[in-house]
Structure formats: structure tokens, C-alpha cells
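Enquirer: My questions all concern the structure below.
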Amino acid sequence: MANLLLPRGTSSFRRFTRESLAAIEKRMAEKQARGGSATSQESREGLQEEEAPRPQLDLQASKKLPDLYGNPPRELIGEPLEDLDPFYSTQKTFIVLNKGKTIFRFSATNALYVLSPFHPVRRAAVKILVHSLFSMLIMCTILTNCVFMAQHDPPPWTKYVEYTFTAIYTFESLVKILARGFCLHAFTFLRDPWNWLDFSVIVMAYTTEFVDLGNVSALRTFRVLRALKTISVISGLKTIVGALIQSVKKLADVMVLTVFCLSVFALIGLQLFMGNLRHKCVRNFTELNGTNGSVEADGLVWNSLDVYLNDPANYLLKNGTTDVLLCGNSSDAGTCPEGYRCLKAGENPDHGYTSFDSFAWAFLALFRLMTQDCWERLYQQTLRSAGKIYMIFFMLVIFLGSFYLVNLILAVVAMAYEEQNQATIAETEEKEKRFQEAMEMLKKEHEALTIRGVDTVSRSSLEMSPLAPVTNHERKSKRRKRLSSGTEDGGDDRLPKSDSEDGPRALNQLSLTHGLSRTSMRPRSSRGSIFTFRRRDQGSEADFADDENSTAGESESHRTSLLVPWPLRHPSAQGQPGPGASAPGYVLNGKRNSTVDCNGVVSLLGAGDAEATSPGSYLLRPMVLDRPPDTTTPSEEPGGPQMLTPQAPCADGFEEPGARQRALSAVSVLTSALEELEESHRKCPPCWNRFAQHYLIWECCPLWMSIKQKVKFVVMDPFADLTITMCIVLNTLFMALEHYNMTAEFEEMLQVGNLVFTGIFTAEMTFKIIALDPYYYFQQGWNIFDSIIVILSLMELGLSRMGNLSVLRSFRLLRVFKLAKSWPTLNTLIKIIGNSVGALGNLTLVLAIIVFIFAVVGMQLFGKNYSELRHRISDSGLLPRWHMMDFFHAFLIIFRILCGEWIETMWDCMEVSGQSLCLLVFLLVMVIGNLVVLNLFLALLLSSFSADNLTAPDEDGEMNNLQLALARIQRGLRFVKRTTWDFCCGILRRRPKKPAALATHSQLPSCITAPRSPPPPEVEKVPPARKETRFEEDKRPGQGTPGDSEPVCVPIAVAESDTEDQEEDEENSLGTEEESSKQESQVVSGGHEPYQEPRAWSQVSETTSSEAGASTSQADWQQEQKTEPQAPGCGETPEDSYSEGSTADMTNTADLLEQIPDLGEDVKDPEDCFTEGCVRRCPCCMVDTTQSPGKVWWRLRKTCYRIVEHSWFETFIIFMILLSSGALAFEDIYLEERKTIKVLLEYADKMFTYVFVLEMLLKWVAYGFKKYFTNAWCWLDFLIVDVSLVSLVANTLGFAEMGPIKSLRTLRALRPLRALSRFEGMRVVVNALVGAIPSIMNVLLVCLIFWLIFSIMGVNLFAGKFGRCINQTEGDLPLNYTIVNNKSECESFNVTGELYWTKVKVNFDNVGAGYLALLQVATFKGWMDIMYAAVDSRGYEEQPQWEDNLYMYIYFVVFIIFGSFFTLNLFIGVIIDNFNQQKKKLGGQDIFMTEEQKKYYNAMKKLGSKKPQKPIPRPLNKYQGFIFDIVTKQAFDVTIMFLICLNMVTMMVETDDQSPEKVNILAKINLLFVAIFTGECIVKMAALRHYYFTNSWNIFDFVVVILSIVGTVLSDIIQKYFFSPTLFRVIRLARIGRILRLIRGAKGIRTLLFALMMSLPALFNIGLLLFLVMFIYSIFGMANFAYVKWEAGIDDMFNFQTFANSMLCLFQITTSAGWDGLLSPILNTGPPYCDPNLPNSNGSRGNCGSPAVGILFFTTYIIISFLIVVNMYIAIILENFSVATEESTEPLSEDDFDMFYEIWEKFDPEATQFIEYLALSDFADALSEPLRIAKPNQISLINMDLPMVSGDRIHCMDILFAFTKRVLGESGEMDALKIQMEEKFMAANPSKISYEPITTTLRRKHEEVSATVIQRAFRRHLLQRSVKHASFLFRQQAGGSGLSDEDAPEREGLIAYMMNGNFSRRSAPLSSSSISSTSFPPSYDSVTRATSDNLPVRASDYSRSEDLADFPPSPDRDRESIV
């Protein structure tokens, strides 16, 4: 490979010539020859093992050439060059570079068979193609084309423009085809998928032009795809589209599951509601006799009943709407008023598109429910026509369908994004690794050169450096980041404070002095260094980098210290280095460690550590360097600015060819890494530099300098910041005070205020510029921001005289963002949004392209239809508001779909343009735009989100000026308080000594370590109200404010013994005064710190309102003495033991709750009644329990304690809570009519109150006040009981009707809250919520700030413009503006009293009203009316005109993007992160496990929970056994499943208006299925006998079959009184769950279902909490809104009159659906909308609402339910999805273990937990992957060394462990886990204990092999002996007498005996065949075969028996076995 590595620099660019092509062909031939010779298997395998060569990432086509290669010479730009990538050395390719150094790769084969790479035409085409102007031209053409396409009614001449565009696109494609070739080879035209798009666009253009294809506008729509060409032109967009396509691929499983679930729900809906929505209230009629069925009504006659029923004039309309009133015939459905009857008539609602009449419409309705679009309308229609009970169906669909499935889509998209991010990070790390290796090589070579004494000193000149600049945009963003984190202190030195990674970092002339030594180059550990090394978190910018040419790495900033390579010699003519040859130096790009000015002078920080900043440290590892707080700043450096003097080896050092070649090869590896240098080292132009020095840094004369110093002292003081912050808040308040109908004085005051604030901010800017100099002032982002706002404010002042420029006034609102400077959360959130918007730059572009394309498609396809058929959808004859006639309106419709509202506009579209096309377009926009792209937005938002920043944003120890100022104020106040107190005490007591002692005390440092002594009583009993422990007087060292004494650190959360506290105590208990003063003087003289109270306890005590909390008894103190460490000394104060000047340390509420002692603790005796403070003040509280009265009291307390602690008591109280809550539900509008119930409830109420008061008293006595009132849950009980008690007393005294008492009674609705503490599940959720409250409140506040800007803007734009004049007789529509122009005209025309000037109820008349309007817009409920009013508004108090102010839509679009998409989704982010944090706190185990360990742990966890089950025994009867075999086969299950699905299909075919024949056929098919399923049931029962009922699925099937049979027989009766029994068949679909396990391909769906199963327990808890919230709110609603007028969303069925109706309403608005409709009637305050004097049944008057209560009620409910509870639901699903995905990616899943045991049952039918060793091989083969070990598997199984017990049996756990280990791989961690799991298994299954293993499979194999070897040796020995003896005998017989004297070899023994016996009986010679039969002993194979032939013999027996088998005593056998 070495010869392929190209040299760096311009020498690497070689023209592509014919010789080059020949060389490539030669290399290809060589490669082929090599490939042909290496044919053997081994070499092929070896090649596979080697890493196949891959193309270099940084040399890919369309990437920028890496900087390492330098700038190509001008003459080579646009010319064919040899390919730089070694990968292509054996492929016919060449590259071309353009001016921007972008790489274009071409095929070197002939284009179009004719044009070779050297053909002039092709060369010209290539030159044109790579030129940047060419792509610019195409880009401009596309954009211009888009503008023309967006015209809805183009003039005739545009046709010629169209031809021009087509010509340009044709030219572009022609150039590409000529340059690249058409399609045969790589890199040709059609090999790029983006070119397919171009090609199809051109083909379509010509087709439509020359061929008449009918509907031209439809084909013209294809032109819009040209907009997609922008993606192919801008390379950055390609990555995004890649991510989108990836996420769509990942969505496949979710889509399948979604379609399946929706189909099931649609089927259920079809069965339940088919035809219901056509039931309407029809006017009564009479049928006329004697005619042909004609009917009469109201004196009119209709020809037939059908005609009458289809006449819309006969239907009753819903109040105030054009909707028909639906009704139903069931008891709880909607009813019709007098004169109407409920009949099935006419078409379905919403143009006939909302129905459950066929499967398709039902599916659409369910999809609409899932996306929650306008679902409240469907919900109300269905409940009205079918009955309220079906709310359950909607709950299931909303919670399982909508929340679960939609959020699964989010989870999958987020995960796809995350994976892509991880891949990018991995790729970058790979480059990093290669870079490190290259560094090592270079370092070694450099050391070698240094040792040889080569002169490596050289000058560096930047002009020769090839490092190209990074984009301006990136540099700016980095500067912004730096400045926002920097300090404002400019310092006096003349150096700008820029990091070395930012700003202009030109190294002009770096003096390079001494050579590099070894020591300077050794890598340093970061421990002793002034820098702390850390890896920067990987951001999300990599994937979505904004720069079009950026690679993934450019946006990673963890590569900041890199080696800048030296260029090699340019080969000059003489071969000597040219005069210009030089090398750039090595730059240490540390973060925050050096400053560089414009001239390139670099000063290093922290000069004390020479080694860290030594010139040689350019080879430091690439890390981000952080400066710890104690690093000195440049102005403090003793040595002043230093020069950076790096060392660079000269090129001459590489004169030897070997060294040079090595360096070359090393450098060539660096390509990818060096491309990612942080920034260019470009020098500022000297003229700018001089300009900055002269004009932007003002240091003219000493007088000016002193003025400047003084101004700086004032401006930089923390108090100045505090003042400015207060001004910002005040200014915001002033802006928020603007409202409609202001008085002149008020308006004037606001104007003066504005002038004042503008003056203040201008002055601040001016002073800061004076103090800092403009040069330094504008280095800070905040200052630039301030200056822009000030300039805009001044412009507004100047222009305000000219006219109403309220837009400029809106810019003042940006001042609110200045709060971010001192409000960390706001800062964090702005950063999050900034990061997302930055990362989303490209995604936004893609979304814009999608919106544009769909808007144009909609306009082209449907525009004409909207204008021609407008009468179908609009009564007024005007165009409807939502149409596609022009581009702007089409864009609005697409945007509305992205907001999730698609169904209503789709109905309109379907009405004018036909169903199929509209469905296709709208659902495409919905799925692509809303579900995928917007979820990608959300995924990005969540990924750039970190709750650490939100919950504890200021942990970096740097205090901002605001905190410093507040700390200073606090200190001042404390000083004033103390001196005042001392003064008063001195006068009162006349005790002069005390202050003196005190002074000594106060001067002591508060951090002296003191031995702990028991606290003096006074110190211990400081009342919490007086504690100052949360505040702190001083900061850390080095952060002191001016005028401080030496820094002192004060521990926080410690009961400090401040003097005033002690003296207050002395006042109260004079008896202990002497003792106290002694102890105090002891503390002072001994230098001891007062007793430190335990932190957690003091926190609890501070939060309670009693004075009790802080005390601890002597025993407690001794206990703490043992456990608590000593108070830390000053030097080692722990981080959390002092608060950095902050106003207060926030207590974590969740921790607090956990620290509150639970009442249910098992303590033997009650605690003290009172706190010790109370006892000291009132000695009478102290009772002596040893004496008589006290003894009785103590006994009483113990008895009470026993009662309260008893479990029955708690159960009784829970029962009473539930009863009392239930009683509240009966107090509805009808209570007055039901006298008995009313009386009963009154008595019950009293009884409950008594019970709860008694419970409270019992607990007081049992627990004592101290314990009772330090428990938050007890406080809750106490307050709720108080409410009941007060209302009871008021009733008794007759004050029940008083207003305050009435409103207090409604607080009884809080009773159910008492159940919270009693139910564990709910308590867990509440604790989690309470933990999240601080961050939720933070986000809520930030949202309010964000919204405040939009609200104020809304007030500026729309205040007073939402009014209109209406005529009451004509409904709520405004009159035409030509009739009534404004409010005064309306009032003057109002002669009849029927004209009213009214406002839209929700408006922008003030900031509060604006907030409500924005909430409706953000939740997309009621936003239409607000937008219509805004768009129609003309002027102040003027009559609106249709779409007069059209572009006001843009205000709402912008608000929806920032106010809704971002801010509302931040809630999800906060909640998810809180969950993760709490998990970290609780689940510590995971954090300390390696990934490997976790993998084993999870596998073992699953493993331990299983054990073998006894299978159902096979019947003995032959026929039963046969059936049993069939029934237990998997195929049988699959067949039945298939039949179930078929049954579902037949059910889907049903429709409401089907013909009688169809009904008949379906009934027969249904009977057939009933018969089949009955047959299945009978067959299974026959096979399985009584075991059939041991499986719950079988019982379920049995019930369904019985119901089906009963349903078929009694169908008429059942359908009349119940619902259709076919419904049960739908439930059968649940059986699909069983099949999913068997289908390996369904793994993804199994994961999703598994995630749901994991979520269920948590979701149940959240559901309970949600129910509780709904219950409480419904009680409140009944109390406040029962008599509100029926209009908008409130009617006879959905109202707050009864508990059930309230619950219907609240369930609906849980998803925020339709809350605007419910709120609307409550906002009515008087005529003409409601009547305040209407009498009600309970004695109250009026049907008006109370707006304040209503708004509070609905907004709090929406925030609690929609934003918190529902988002918790989402968080849990996301969390569990990621867990389930992790589980599914693990090698072994739960299913694998299930399958193992299922197969085990077949091998171990008795469930003994053992199988025979001989069956092991078959068992291993029978398993499914990944546990399966396919045959032949003997060797693998033997190697596992499985333990065997007697009887050659192996335990299932041993096998499972071994197989698991095989899958997961060897690991040391396995053994410990195995032991742990075995213990667990032993406990669960005692059967294994009695069997001790006697051998293992491996040892058994060893024994068998040993036995075989011994046997063979012995046989060989025997054979030799027998051969000898045989030959002797042969000779004896054949040889005659001469041999008779010969002795026999063996005279005795087995062989002699047998042979002699044989030969004595037989004299005939043996045949040759018998000789060969036993010549050789059995082979090794036969032994192993015998083993496998199921012989149940043990090893020891085995060897013996084989020996004997060879020599049986039978004579016949002997005869056969011997020669």
C-alpha cells in the first residue's frame, strides 16, 4: 500500500493523462491476476479476515478537499486529475476540483460510448459542471421557477418563461450526461438517485408539451417536484433527508402496529355505532291513509316518508349552530324535545363523512381520534346517539391509541436520530484514533531526527499554510458563545480577551528558538496541570451541520489541539528547496488558555506551569482544555504577555529518502483528522488593526483615564447591574400595563415612563462604552444586543411623531431577554431553543420545501374547484376562509395540517374535489409533515435539552453580579439589624459586658473545626423563624466584593448561634440565663463553633410553621455524634457546605418529602406531645408520667396510639374518605327535588365531619402535635377537616347562605385528596411530580415571559379592534361594514334596541386577556375565532371587514412556532429529564455496572424467574393421542389464527346500508365460523381433557364460543336489549399476541407491545391520579357552573349540572379538546348573552358565568392534566420504549428463555428438571436460535463441561447457563452471577439440592477415551499372544512328529485353555474368511457409536462390559472369533 500513499501538497495533484489510464488498467490486470491465483479456501478466508479497503470518508465526492493537500495550482482547477483516494487506484476514475476545492469524481470510461475522458466536448462539459456559477445558475433558476409556480392565476406570457426553465433544466442534464456518461458505469448520470428526479421532471415537461393527456393541471403539479432539486444542489440538505428516510424506515413496525390497533378499534366502532350517527330529531308527522304513503306535518304534505325524512328542513338544529341535533334510543343517549321524535334519517354529519357505517369510514374516524383532531365533536356526536356509557370506548382509544401510538412514533423518530448521532460520533472517534496513531509515528520520527542533531529551526509564514478558513458564521457563533460566558472586566492590558480557538489567530512571525527535547514531548497527565482535560459532550449539530460543506467532524469541538503539518519541499527545477519554502508552526489550540491579538502575539495563561505550556507541548492529546477557577487572568500574570515559540522541523530534515518516505506515509494517514482543525489561522488585515488601535481603544490623556476608571468603577459594580435589572422589570411592567380604553393621564404616564427607561438604557450603553472602550464593549454578545435595542428604541422615539409605528414598539419587548443574563433558567432555555434552531437550520429548510411543495400541489389540484363549487361549502357565496385558490391560503391550510388540524379542511376539499385525491394529499401531509418531520423537531429539541441545567443551572461556582449585589444588601441588612438589636438590648438590660463578648464572638472565623459538644439548650432551641442559616455573608476566596475583610466561609443549613437569637431566648426563659451565658462564653473562649444541626432536619424544620422543628434530644445528639463527621475546616469546606452568596439554597421538595417521617412507622411508644421550645415556655405542658394523673394520660396516649396504628383503623378511614367523596357527587342540580337524599346527605356530612375530627383528635393524642404538624400529609388532612368543621359550625349557626361560607363549602371537594397519602401508587406519582415542580415552575415562568412578549405585541396590534356591531335577530354574525362603520354609528343606529356593539369574548384588550387568547392559540382550541377577528380587524373600534388584514395570520404562525411548538414541548423535556434524574438517585446499581455486566445481569434476571413446567400428558387412547398431536402443533394455532383473521375480514365487509342478500350471505358465513370455532373448542377439550381449563386462553375461547352460540340463537333479543354479540369476536384478535412470539420477523412489534406492558403499572397510577384530579374538578364545576346558559360547548348532555356530565366534560378537556367551547358561556356577564335575573332551582338567580373563576378553573385544569399528567404519561412511554428496545437488542430475550422451557417440556415430560446425557445432543439441536447448537454438536457440548448427576442426567439450569454463556461470550463476571443465580434458583426449586454432580461431560469424555486406549493396547497384546499360540498349534498339527517336542507358548490361562479346547474338537483347517473376521479390535468409531445408540450404561461398567464382550465363554462364539 505504501506506493499508493500520495505525497501531500501540490505535488500530489497530477493531471489525468492517457498514461494514467494505462497505469490504472495495468493495476487492474495485476489485481485480477492476483485474484485468480489465490483460489484456495484458506487464502480466501484470510482475505476476508483482513479489512477490505474502503473509500476514504474525507475524499468522497462532493466533499471539500482536505486542507492537508493544500491549494491546487490555478491551472489544475477544473482539469481531470488522478484520483487521490488509494481505494480507486484499481478503478477507472478521475477527479476534478473546482475553485471551492470541492471534489467531483467521474468515471474514466467512455461517456455514451463515444466521449473519452480526453475528448474536448467532454472536457468542456466537465469544466461547466464543476464551475460554482453553474450550480448558482441552477439554484437561481429553481427559486425563480418556484416563484412562478406559486402564482395562482399566471398571465399568458408565463408559458414562454416555462419553456425557458425547461430549456435550462435540459441544458443542465445534457451537461451532466456529457460529462459523466449516462448509466453504465459508476459515477454516471443515472447512478445518482437525485438525478432520477431531474430526469423525470424533464421527461414530464416534454410529455405534457407534446402529448395531450387530458387533465393538464394534474400533470403540471409534477413540476413542483423541481423544488426538491434544491435538496440535491445544497449538499447539507441531503444528510437531513437521509435522516428522515432512516426514521421512516424505522417507523415500519410502529406503522404496522398502529394500523392493526386502529383496525381493531375501527371494527369495534363499526359493530357498536353502525348507523347511529344518522339518528336525528325529526319533526312529528302523521301518515295519511288511503294515499301512497304520503305524510303531513305542519299543514304541508310530502309524497312519501323517504322524501320527508331526507328533507333537512324537518330536522331540529342544535342551539346557535348549523349542526343537526343527534339523538339515540338508548336510555342514556340524547333525547328530543316536545314535537320531535328520534328517527334514522338523512345523511351522516359533516357532509356525510363522519360515520361508522362502513369499515373505511370507521377507520378514518379512528385515525382522527388517534391524531386528536376535532375529536370532541365526534365524541359528542357518538355519545349523543349511542349513550354516555360509550365514554369507556373513547377512553380506551385516547389512552391506548392516541397517547401510546402517537408517542411511539415520537420515540422511534427520536431513537433513529439518536442512533445516527451515535454513528457520527463513533466515526469521529475512529478518525481520532487513527490520528493518534499517526501522531505517535511522527513523534518518534521527530525524536529520531532531533537525536541525530538535524537543525529543525525554521520560520513560519501563514501564506503558505493550506489551512482554509472555516465559515464566517461558525466563527461568529463561537465568539458569541465565548462572550456570553466571559466576564465584563476588560482589564487594562491592550490584548483582546479572545480564546485561542476564536478570533483572528494569525501566527505572523513566531520566533522559534530552541530545539525540542524528549522531556518536552512526553505526554503529561492532567492531574498536576493547570488545565483540566475533559471530553466535550457530543452535540446534535454534527448531523445537521449548518454549513453545506461541513462534515460531521467539523462541528465536533473535541479536537482542539492539533498538529499543523509541515509542507514538503516544493520540487523546484534544481531539486533544491525554493526560497519560499517554510513551515507553519505548531499551535496549541487550548480552550481558555491563551489570548491572541490581531497581530498574532499569543500570550499564554498560567505561566507558572512551564511544562504545560512548553513549546514542545504541541503534541498534547487533542482535548478540550478547561481553565479551573484559580487560573490567573492575563492582567495578573507576573511575566506579562509571552511569545508562543513552537518548534517545527524543517523539510531538510527529511533529506534521506527513507525518513522522508516514512513521514509522507504518516502524514497521509492524517488526512481525515486534520480536516477538522477548529478554525483557520487567518491574519487580520493590518489596516483594520491600526483602525482598531487608534479609534476603538480610547486612551488619550491621564484626565480621561481617571474619568474612565471612575465610570468603570460605577458601571461594573454589581449594584449597577441590579439597578438595570430592576429597570428592565419595571419597563416590562409598564409595557404590560397598556390596555384598551386607557385614560389620557395613564397613557401619558406610560409615555413618560418609556422616555425615562429609554434614557436609562441609553445612558447605561454610553457609560459602558466609555468605561470599556468600544473595542472591548462590542466583544460581548449581551452588549451588542443592548446596543441594538437602544438604537431601535431611539429610532422609535424619532419616528413615533410620524405615525403609528407599533411594530418598532414591539422591539422594546426584546429587553425582557436581558433578564436571561441574571436568570440562569431563562438563559438555558434560550440556549436550548438557539441550539435547536441552529441544528435545525437544514431541517427547517426541508420542512419549508415540503410545505411549499404541498401548498403548490394543493393550489394546482384543488384551486379551481374551490372557486367553481364554493356554494357546496359556503352559504354566503363567498370563498370560505380555508381554501386553496392562491398560494398564501394553500400555505395556511398546509400549516394548519402541521398543527394537527386536518379533518375539517379535508371535508371541504372532499366536498369540492372528490374524496380519493383529497384523502391522499391530506394524509400524506399529515404523516410526512406532522408525524415525522415535527417529531424530528421534537427529538432534536429533547436531545439539546438537559435538566441538569434547569434544576441547578448555577453550579459552576461563578456568581453573577445580581447575586453579588443581593448578597451585599443582605449583609447590610443583617448588620443594621444586629446593631439595632444590640443597641436596644443594651439600653433595656443595662448589661455592658454582653456586647463586648459578642464582638469577640463575631470576629471568629466561622469555619474552625470544633470537637462536637452537646448543644446548649438555647443554641439548640433557636426558633426556625429567626434562623439566618440559609444566607451567607461571604463568598469563596478570590471572589470577594470590594471592601471585604478576609474571606470567610460559613456553613449553611446550620443552626448558627447568632446573638440576637440567644438573647431572644433569654428574654423568654430567664431561669436558664446564667447557665446560658456560661455556655456561650465557653463557646467563645474555646473558639468552638456552635452546634451544627443536621442539615436535612433543619430544612424540614424551616419549612414547617411551628417553632418546633429544630430540636433533638440528648440521645439523638449522641447518635449523631457517632455518625456525623466533624465540621470541616476552612481549607476543606465541602462544596455543598456553603452557599455562594446566593439568596437562598433551594430545597429539593422530593428530598424534603422523603425526609418527613412517615406516620406508619412501627414505634413502640408515642413521641412527645410538644416541642421542647413549647415545654420551656409553658412548663405546665410537661407532664410527669410516673405520677397518677400523668400516668393515666400516658396510658390514654398509648391506647390511642395502638388504635391509630392498627391496620383496621386506616382501612376504616379510607372507607370513610371514599364515602364522603362519593356523597359530594350527589350534590347536583336535582338535589332540591330529591328531599330524602338531601336530608340523608346533610346527616352523612355531619357524621363524616365528626369521624374526621375524631380521627384528628386521636392522632393528636397518639402522635403529639410535634409529629403531627411536621408531616405534610397530616397538614393536608388538618386543613380539609377544618373546612368541614367551619361549614358545619356555620350551618348550625344559620350562616349557611353567606357568600364566603358557600365558597368555603366548595372546598370540601378537596376531600378526595386525603386518599393520596393512603394509596401507594398515587403517592409514588405525586412524589415524582413534587420532585419535578421546581423545574416545571421554572419552565412555566419562562413560558410566561416568552408569551408576555407576544401578548404585549398582541395588545399593540389588536387592542380595541375585536369589536363588532351585531343584530340580535340575525344571530351572532356582524353587520356589513358598509352599513355600520364603527362603534359610534352602531350606538347611534340602535333605535330598536336590537343592535349591540360586542367584542369577541377572547381578545387582546389587555395583557391578561392576551394570555388567555394565546393559550387558546397554543392549544389550537378556539384559535380560529381569534384569528378570524384579527384578520378581519380594520381599526380601533371599527366594524370588521372580511380578510381586510390578511397578513396578520403571520403573527399567529410565528407564535405557534415559538410559543407552542417550542415552549409546550419543553414541558415534556423537563419531565423526562426529571424522571431520569430520580431514576439515577434510586437505581444506583446500573451506574456501577459495566455494559458487559449489565448484559449478563439482565440475562440472569430473566433466567431466574423461569422454571420448567409439567406439560399436559399425552392421552393413552390412540385416537385421543392422534388429536392431541394435531392440537399441540404450532401449525394448528396458526391455522386457527388465520381463520380468526378471516372472520375479522367478513366482519369488516359489513356496512349500514347493505342489501338483504348480503345480510343473508354474511349470516351464513358467520354461522360457518361459529361452527368452526365450536369444533375447535370440542376437539381441544377431547384432546386435552380437564387440562383444557388450565389455560386462560382456552377459557376465553370457550366463553366466546358459548356467547356466539347463544347470540346466534337469541340474536333478536340480545340485539334489542344489549349490544351485538359479534363484539366478543373482535376480542379474539387478542390471540394474535400468542402468534407474535412464534414469528421471528415480528420482533419489532413484540418490542413495542413489551414497552406497553412495561408501562402499564405506571400508567395505571397516573390514570388514578388523573381520575382524582377530574373528580375534584367536577365537584368544583358542579358547585360553580351548574346553571350556566347552554351555548357553544355546553348543552343538555355536556354540562356541569350532574357529576356524570361533569366527568364527560372533563375527560374531553384532558386532551385540551373543546375547552374553549366550555369556557365560552362562562365568560358571559350580561345581556345580550345571558340573563342575570333568571331564577334557579336552588334559589340562586341568573344563568351568567363568572369569568375569573371560569378562566382559573380551566387554565389550571389544562396545565395540571394536559401539561403535567399527560406529559408524564408520554415520559413513561418514551422511557419504557428505550428500555424495551435495549432489551430487544440484547442477545437473549425473555422469549428465548420461554422457548427453551417449551422445548424442555418435550424432553422432560415429568418436569424433573433433568434430562439424560444421551438426549442432550437432540435437545441442543431442537432449540431455536440463538440458543440452538445445530448437529453435529457433540464436541461443542462436551467442551461445555456440564456437570452430571448419577444416572447420567444433567440439570436444566446447568444447560441453560452454559448455552447462555455461549451466546453472550466468555466473561469473568459470569461466575459470580452464576453463583448468585443458582442460589436464587435453589430457593425457588428445592429439587436440585439433593443431587450432587458426580462427573462432567468433559471428564466423562476423558474417561471414555482413556478406556478405549487401554482396551486397544490390551487387545493388541492379546492378539499377539493368540497369534503365537495359534501358530504353535498349527505347527503341531501340520508339522508332524518333528515338532512335538516344542513347548507351547502358553500352557495355562484363558488363551491356552480356549485354543486347546477348540483345536482338540476340530481338526479341519480354518477358512481364510474366519481369519480376517477378528484380526483387529473394534475401532474408536464403534465405541463412540455405541455410546450414541442409547445404551444406558455408566462409564465404569462400559469398559468392563466391552472387555467381556470380546471374550465370552461360549464355545461357538470362540470359534467364530479366532483365527
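Glycine is no exception: its Cβ is also placed from the backbone N, Cα and C atoms.
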Enquirer: Swiss-Prot annotation N-linked glycosylation site: which of N842, N1390, N1776, N1958 has it?
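Expert: Matching N842, N1390, N1776, N1958 against Swiss-Prot annotations yields N1390.
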Enquirer: From the candidates C261, C281, select the one that Swiss-Prot records as forming a disulfide bond with C336.
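Expert: That record, Swiss-Prot, gives the partner as C281.
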Enquirer: Give the range, chosen from 663-679, 1683-1699, 1700-1716, 1870-1886, that Swiss-Prot lists as intramembrane segment.
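Expert: Checked against Swiss-Prot: intramembrane segment maps to 1700-1716.
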Enquirer: Could you pull the disulfide partner of C918 out of C899, C909, going by Swiss-Prot?
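Expert: Record-based pairing for C918: C909.
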Enquirer: Is it true that Swiss-Prot lists S800 and K864 in the same topological domain, i.e. on one side of the membrane?
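Expert: Yes, same side.
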Enquirer: Among N284, N549, which is the one flagged in Swiss-Prot as N-linked glycosylation site?
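Expert: So the answer, going by Swiss-Prot, is N284.
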Enquirer: Labelled N-linked glycosylation site in Swiss-Prot - which residue from N319, N593 would that be?
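Expert: Record says N319.
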Enquirer: Whose Cβ, among the disulfide-bonded residues C281, C909, C918, has more other Cβ atoms within 10 Å than any of the rest?
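Expert: Sorting the candidates by Cβ neighbours within 10 Å, the top entry is C909.
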Enquirer: Do at least three CB pairs under 8 A connect the transmembrane segment (840-861) and the transmembrane segment (916-944), leaving out pairs fewer than 6 apart in sequence?
Expert: yes
Enquirer: Apart from its near flanks, which chain residues at least 6 from the ends of the transmembrane segment (1561-1582) lie with a Cβ under 8 angstroms of it?
Expert: 1520, 1523, 1526-1527, 1536, 1539, 1542-1543, 1546, 1549-1550, 1554, 1588, 1594, 1597-1598, 1600-1601, 1604-1605, 1608, 1622, 1625
Enquirer: Looking only at the domain 'IQ' (1903-1932), how are its residues distributed among DSSP helix, strand and coil?
Expert: 30 helix, 0 strand, 0 coil
Enquirer: Expressed to the nearest Å, what is the distance separating C281 (disulfide bond) and C909 (disulfide bond) at their Cα atoms?
Expert: 28
Enquirer: Determine the Cβ neighbour count for C336 (disulfide bond): the number of other Cβ atoms within 10 Å of its Cβ.
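Expert: By my count, 20.
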Enquirer: Cα-Cα, whole number of Å: C918 (disulfide bond) versus C336 (disulfide bond)?
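Expert: It is 36 Å, counting Cα to Cα.
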Enquirer: If I count Cβ-Cβ pairs under 8 A between the transmembrane segment (1300-1319) and each of 190-210, 808-822, 840-861, 1592-1614, 1653-1681, which range comes out on top?
Expert: 1653-1681
Enquirer: Between 0 and 100, where does the mean pLDDT of the domain 'IQ' (1903-1932) sit?
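Expert: Summing pLDDT over the domain 'IQ' (1903-1932) and dividing by its length gives 88.
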Enquirer: Roughly how many Å separate the Cα of C909 (disulfide bond) from that of C336 (disulfide bond), to the nearest whole number?
Expert: 32
Enquirer: How about the transmembrane segment (777-797) with the transmembrane segment (190-210) - do they touch, taking at least 3 C-beta pairs under 8 Å (6 or more apart in sequence) as contact?
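Expert: No, the stretches stay apart by this measure.
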